[in-house]
């Protein structure tokens, strides 16, 4: 059965990387994610990843606690770079070739973001991990995922979370919450379902770039989404 999506932008939240912990990186979770990514690479799918940093530092919370918002956001971008390096190292150990590109210049550690090079890496079947969000304060890593998805000519943005889709309310807090199989962008925005922030949703809607929200912890879920099976929640125009 052929894949439905040839090139994907995978958004990994920092919270997903810490697993059941409250801080930091769960190595077993990172290894699981790498195995899932390796599985779709074997199908010929090209993979770009945007990673968050909330497992290490939450800029908006720190700004709310009195820290300067711009400073807090830059610290959050550095946290995403740490996560990107952890993913890169896990991929190396599992035989997956990857490159890390950062929207902030840290040349001794990672490459700067250059769209042409990133596209070439994808053509060469290398995984590209994007760090530091958009490189600008006040923009979330969800918005970075939408932006990089468009720049990389991705067929879909896949948001990997701890739950298996979008629900009427938080299923971890409300056992009666119902999962949506699919939604339009306008429905997701009007219902304020917290799929992604409004900027990211609007960007994807305007560029007709679909989104799927799924659980990265379900073994094989990523592959099922790629194959077009009923997995997660699809958001489309």
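A Cβ is built for glycine as well, from the same backbone N, Cα and C atoms used for every other residue.
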Looking at the UMP binding annotation from Swiss-Prot, with 53, 134, 135, 136, 137, 138, 139, 140, 141 already listed, which candidate in 26, 73, 107, 164 is the matching residue? 73
Only counting partners 6 or more residues apart, tell me which same-chain residues put their Cβ under 8 Å from the Cβ of residue 13 (ATP binding site). 52, 54, 141, 159, 160, 161
Cα-Cα separation of residue 53 (UMP binding site) and residue 170 (ATP binding site), in Å? 21
What whole-number value in Å do you get for the largest C-alpha pair distance within 53, 73, 134, 135, 136, 137, 138, 139, 140, 141, the residues recorded as binding UMP? 15
CA pair residue 140 (UMP binding site) / residue 170 (ATP binding site), Å rounded to integer, equals 21
